[in-house]
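Here's what TrEMBL has on this protein:
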DOMAIN    37-286  domain 'G-protein coupled receptors family 1 profile'
TRANSMEM  21-42  transmembrane segment
TRANSMEM  95-116  transmembrane segment
TRANSMEM  136-157  transmembrane segment
TRANSMEM  193-222  transmembrane segment
TRANSMEM  234-256  transmembrane segment
TRANSMEM  268-288  transmembrane segment
Amino acid sequence: NVTTVLEFRLLGFSSNPHCQILLFTVVLVIYILTILGNIIIISVVTLEPQLHSPMYKFLQNLSFLEVCYTTTIVPKMLANLLAKKKSISFSGCMAQLYYFISLGATECYLLAAMAYDRYLAVCEPLHYGVAMTAEFYTHLAVGSWVTGVFTGFLPCLMVSRLHFCSYNLIDHFFCDISPLLKLSCSDTTVTETVIFILSLLVLSSSFLLTLVSYLLIILSILKIPSASGKRITFSTCSSHLMVVTIYYGTMISMYVRPTYNLSSELNKAVSVLYTVVTPLLNPVIYSLRNKAFTKALENIV
């Protein structure tokens with residue numbers, strides 16, 4: 001029977017109370033570190049005039065996005081780890097799904113814009129100041145956010161229009177696309193196809209632009225005669241490359257596939273990586289591997 005579902009029950013992780021408390025503690029610590037780390041990046045870039053370049057302005061945008069992205073998922077996840085009734089309203093579920101998709105897409109666009117910025121800096125250093133103006137940087141940053149906002153509308157609308165029967169248990173810790181499609185008693189073929197195509201366009205196109213930028217960067221670095229010159233030049237890109245590899249590796253494996261048949265436990269494990277762990281890696285990687293940022297932080301402190 002098709003009924004109007006007013007709320008979903010999130011199964012989450014193990015029902016063992018000790019495991020729940022341990023997981024709550026670990027996730028809470030990671031979440032606090034993520035928020036603090038990304039706020040530090042935003043503050044240092046704002047306060048230090050030497051970091052007022054497009055590269056660090058993009059990093060500032062990325063840090064703000066990571067705060068929003070992880071806050072979309074983690075607080076509700078933490079509340080449900082301690083709650084007896086692990087539930088989320090239908091409207092709350094759709095809102096979470098929308099922000100998750102929109103912010104995820106925005107991150108793809110921002111990472112691609114950052115890769116293009118590094119390409120110009122390494123491959124076209126003499127023209128970098130002319131090409132990457134404040135106006136052009138602003139267009140790239142604002143365009144990434146606006147395009148991301150619109151990207152989330154269609155998948156969320158299509159999922160919200162599906163019928164959900166009396167069984168309302170989501171085998172996940174947040175409202176992700178895959179478990180919602182499995183839960184629906186509607187024919188999800190069209191929805192799956194549209195979401196697959198959209199995921200392919202967003203993830204693969206952004207990843208391709210990023211990949212091409214870094215291939216050109218590597219070719220340019222190989223032409224540098226001295227080993228020290230190669231090392232110094234590559235160090236300006238290595239942090240961003242690490243973030244890109246981790247983010248796209250998990251996201252493409254999850255969403256760029258025609259069917260949503262990944263086992264629920266593996267689905268949850270991979271989801272923890274890109275919703276909880278990856279937002280923490282952003283401040284860690286950039287603060288530890290970027291000498292200019294580390295020096296600016298020391299000057300402020």
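Heads up, the Cβ atoms here are built off N, Cα and C, so glycines get one too.
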Sequence-distant residues near the transmembrane segment (136-157) by C-beta distance (under 8 Å, 6 or more away from its ends) are 54, 57-58, 61, 94, 97-110, 113, 116-117, 177, 194-195, 198, 202
Across the domain 'G-protein coupled receptors family 1 profile' (37-286), the model's average pLDDT, rounded to a whole number, is 84
